[in-house]
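As annotated by Swiss-Prot, active site, nucleophile applies to SER81. Per Swiss-Prot, active site is recorded for ASP206, HIS234. Here Swiss-Prot flags TRP22, SER81, LEU82, PHE142, LEU143, ALA144, LEU145, GLN146, HIS234 as substrate binding site. Among the features that Swiss-Prot reports, domain 'AB hydrolase-1' is placed at 16-241.
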Amino acid sequence: MTALYWQTIGEGERDLVLLHGWGLNAEVWSCIQALTPHFRLHLVDLPGYGRSQGFGALSLAQMTEIVLAAAPPQAWWLGWSLGGLVASQAALMQPQRVSGLITVASSPCFAARDEWPGIRPDVLSGFQHQLSLDFQRTVERFLALQTLGTESARQDARQLKAVVLNQPTPSVEVLNGGLEILRTADLRAPLAELNLPLLRIYGYLDGLVPRKVAELLDAAWPNSTSQIVAKAAHAPFISHPDEFVTMIEAFIAAH
């Protein structure tokens, strides 16, 4: 039986599940240790990533089912980028177990469609093709894209790269599966029906999730809350950890 890597830290009474993004692992959350006095943090390496080896390419529903199987019975869920889709899917599949949902630099539909801003599908397909040719360079390029434009871009990209290199790396099959989820998932309609506290955090400079998404979802999901970190890109918790932690604490405390 292939098992997921989970780690629980923190002294708080509320449970908070943290889900990382594509290509990364749970070590990416080390910069927000300030949450530990307030929450019991449940850190997981998604199936096939980091220390959760032995999985192949999975659909969004399959990945979410595997995570839910070992997640705490009741918790807040926070997901970054691809992890935001998994956290959202968990809330759709088992809403009774999700106290509230926080998505970070995430979109219910990452690919650009008709009137919807996002990553061009051919760019995502290109990444899939490049992975098979030059694994290391493609992952590095994707990490660099995540921090582009911020004052601390180089330093932040180095931090992300260290997270990848310090743990077992995902296979090309797993990474392609993740890109396929980003290319095809569209949770806009089902999430509009979700009746849970929902906070969406964005980076103003994010090149992967355009800030226009925040505005469109403000209109489509009026019961949700959005916050934009002015000088952040795709990893606001790395470039602006204090501001990020304050947002999380305030939102959960209010609910």
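Including glycine, each Cβ sits where the backbone N, Cα and C put it.
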List the Cα distance (Å, whole number) between LEU143 (substrate binding site) and SER81 (active site, nucleophile).
12
If I restrict to non-local contacts, at least six residues apart, and a C-beta distance under 8 angstroms, what lies near the residue listed as 'active site, nucleophile' in its own chain?
GLY21, TRP22, VAL104, ALA105, SER106, LEU208, VAL209, HIS234
Let me know the DSSP-derived helix, strand or coil state of ASP206 (active site), please.
coil
Same-chain residues at least 6 apart in sequence whose Cβ lies under 8 Å from LEU145 (substrate binding site):
GLY207, LEU208, HIS234
Taking all residues of the domain 'AB hydrolase-1' (16-241) together, what is their mean pLDDT?
96
Are there residues of the same chain, six or more positions away from ASP206 (active site), whose CB falls under 8 angstroms from its CB, and which are they?
ALA105, ALA232, ALA233, HIS234
Densest Cβ neighbourhood among LEU82, LEU143 (binding-site residues), 10 Å radius:
LEU82
Quick check: in three-state DSSP terms, what is LEU143 (substrate binding site)?
helix
Cβ atoms near HIS234 (active site) (within 10 Å, other residues, all chains):
29
Cβ packing number for TRP22 (substrate binding site), 10 Å threshold:
26
Just how spread out is the substrate site if you go by the largest Cα to Cα distance in Å among TRP22, SER81, LEU82, PHE142, LEU143, ALA144, LEU145, GLN146, HIS234?
16
